Every structure is written in C-alpha cells, then in structure tokens.
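What TrEMBL says about this one:
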DISULFID  Cys26-Cys35  disulfide bond
DISULFID  Cys65-Cys74  disulfide bond
DOMAIN    1-36  domain 'EGF-like'
DOMAIN    38-75  domain 'EGF-like'
Amino acid sequence: VDLCALSPCKNGATCFRQNNDYTCKCPITYTGRNCTTDKDECNEAMPCRNGGSCYNSIGFFNCTCTNQYVGKLCE
C-alpha cells in the first residue's frame, strides 16, 4: 500500500515511502509527522536582535524593534 497516495503530508511537504510506512520532509516553517505543526521561530532561534520583541505567526515571525534599530531582525 502506498501511503503517500493518501497525501498525508501537508503544507507543501514531500512524502517518501518507507516499506509499509512514510515520512514527510517538511518545509522549514512546519514540523511534526505530517507537517501540520507551525514551528515557533521565536523560541527556536530567537531571531530578533538588539532587544527587539519576536511575535510568531503561522509560517513566519515578526520583530518589533526598539527605537534605534530597524529591519526584519532589528539590526
């Protein structure tokens, strides 16, 4: 039985057959067996610099910078 034919992998993930099972290769912003759990980039990587605050959203994050810093990561 080809379990990948049932499309178990979500959010653009790629399904790979493994004997009578499957694994999903998730996009960078998702995790879990079927790639249905949003990664919390704020907790995993703490991407905001120079005292910026990180806010996680589904599939991405935003930084709110202190007054003297700008840019996606408050550089």
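Using the three backbone atoms N, Cα and C, a Cβ is placed for every residue, glycine included.
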Quiz item: What else in the chain is close to the domain 'EGF-like' (38-75), if you only count residues 6 or more beyond its ends and a Cβ gap under 8 Å?
Solution: 11, 28-31
Exercise. Could you give me the DSSP helix, strand and coil counts for the domain 'EGF-like' (1-36)?
Key: 4 helix, 12 strand, 20 coil
Quiz item: What is the number of residues in the domain 'EGF-like' (38-75) that are helix, strand and coil, as DSSP sees it?
Solution: 5 helix, 11 strand, 22 coil
Quiz item: Any residues 6+ beyond the ends of the domain 'EGF-like' (1-36) with a Cβ under 8 Å from its own?
Solution: 59-60
Quiz prompt | Distance, Cys26 (disulfide bond) to Cys65 (disulfide bond) (CA atoms, angstrom) | solution = 30
Quiz item: What Cα-Cα separation, expressed in whole Å, is found between Cys74 (disulfide bond) and Cys26 (disulfide bond)?
Solution: 28
Quiz prompt | Same-chain residues at least 6 apart in sequence whose Cβ lies under 8 Å from Cys26 (disulfide bond) | solution = Cys9, Asn11, Ala13, Gly32, Cys35
Practice problem: Mind giving me a neighbour count for Cys74 (disulfide bond)? Other Cβ atoms within 10 Å of its Cβ, every protein chain shown. | Solution: 19
Practice problem: If we count other C-beta atoms within 10 Å, could you say which of the disulfide-bonded residues Cys35, Cys65 has the fewest? | Solution: Cys65
